[in-house]
Amino acid sequence: MELVGGTPLYRLKGDSGGAEVWVKLEGANPGGSIKDRAAWGMLKDAQRRGLLTEKTVIVEPTSGNTGIGLAMLGRALGLPVILTMPESMSKERRAVLAAFGARLVLTPASAGMAGAVDEAKRILSEDKNALLLDQFSNPGNPRAHEETTGPEILAQLPEGKRLAAFVASFGTGATVTGVGRALRKDFPDVRIVAVEPASSPLITKGKAGPHKIQGIGANFVPANLAVSEIDEFMTVTDGDALETARRLAAEEGLFSGISTGANVWAALKIAKELPRDSLVVTVQPDRGDKYLSVFSEGA
């Protein structure tokens, strides 16, 4: 558990044409993603509240990464974990979950994350020992980012530069909400930008749809997304996200997931509008090794 967090902040080498772009490399977490922080934050909160016993079974709907964090930490704590996940998520994510010993229940891709949530609630109703942490509404999720991810970014920023914007795509909304709150304590005017798939513009256009940017764009508005605290919502196409992820590997040596491509695409677009003495920070939610089958589809 002590290995969660403390990840590097990396400056992209390419010229954005404006502000510097820095990326918080959350793929360096032990489970390979930023969701290790969410998993540990929610489990710590459950421990504090006396909700964990030797009979507890953790149940959680997930697109993969939160499940991996919970499976990893659940194994360390000696707790069984049941995860519900849309069947459209990558084979690699499923393999990692199996390696950690989690029980995986797949739900129809057409039902999106809402279908996985419904299945988790069904399991909860049938097992008196089941505990649903609910990453979409659990306050321990954004709190983990407000207390760890955000302060780490602030401590790692280069001196003499103004933090102009923070950019993050959202699934639960916890990263952009929690980090945004932390950054505004030192930079009250920082621009907080949330990114969603162009194929599922739930916030920007009020409609959800299928998309290929795994880990973001749930087909409902999560409670942990503090919409009123976001300055701007941007959309990114599946193609731009995937191509940017490929370029990050080829040009920057950062083998990253598709949502990282979405984040960096949006961050670079914003950076072009800003002066060179300012900074844009975004995150690498996870590494690219969970998406080898996805990357190869368009090779």
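For all residues, glycine too, the Cβ spot is worked out from N, Cα and C.
Bear in mind that TrEMBL entries carry predicted annotations, made automatically and left uncurated.
Note that the structure is a prediction, hence the values are computed from the model and not measured.
Copied over from TrEMBL, here are the features:
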- 3-284: domain 'Tryptophan synthase beta chain-like PALP' (DOMAIN)
- Lys35: N6-(pyridoxal phosphate)lysine (MOD_RES)
- Asn65, Gly171, Thr172, Gly173, Ala174, Thr175, Ser259: pyridoxal 5'-phosphate binding site (BINDING)
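Sequence features annotated in TrEMBL and their locations in the structure.
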residue: Lys35; record: N6-(pyridoxal phosphate)lysine; Cβ contacts under 8 Å, 6 or more apart: Asn65, Thr66, Ile68, Gly69, Gln135, Pro285, Asp286
residue: Gly171; record: pyridoxal 5'-phosphate binding site; Cβ contacts under 8 Å, 6 or more apart: Ser63, Met113, Gly215, Ile216, Gly217, Ala218, Pro222
residue: Thr172; record: pyridoxal 5'-phosphate binding site; Cβ contacts under 8 Å, 6 or more apart: Ala38, Thr66, Gln135, Phe136, Asn141, Ala218, Pro222, Asn224, Leu225
residue: Gly173; record: pyridoxal 5'-phosphate binding site; Cβ contacts under 8 Å, 6 or more apart: Phe136, Pro142, Ala194, Pro222, Ala223, Asn224, Leu225, Ala226
residue: Ala174; record: pyridoxal 5'-phosphate binding site; Cβ contacts under 8 Å, 6 or more apart: Ala38, Gln135, Asn141, Pro142, Ala144, His145, Asn224, Leu225
residue: Thr175; record: pyridoxal 5'-phosphate binding site; Cβ contacts under 8 Å, 6 or more apart: Ile34, Pro142, His145, Thr149, Ala168, Val283, Pro285
residue: Ser259; record: pyridoxal 5'-phosphate binding site; Cβ contacts under 8 Å, 6 or more apart: Ser169, Ile213, Gln214, Gly215, Ile216, Ala241, Pro285, Asp286
Number of other Cβ atoms within 10 Å of the Cβ of Asn65 (pyridoxal 5'-phosphate binding site) across all protein chains:
30
Kindly assign Asn65 (pyridoxal 5'-phosphate binding site) to one of the three DSSP-derived states: helix, strand or coil.
helix
Can you see whether DSSP assigns Gly171 (pyridoxal 5'-phosphate binding site) to helix, strand or coil?
coil
Let me make sure I understand the span of the pyridoxal 5'-phosphate site: among Asn65, Gly171, Thr172, Gly173, Ala174, Thr175, Ser259, what is the greatest distance between any two Cα atoms, in Å?
15
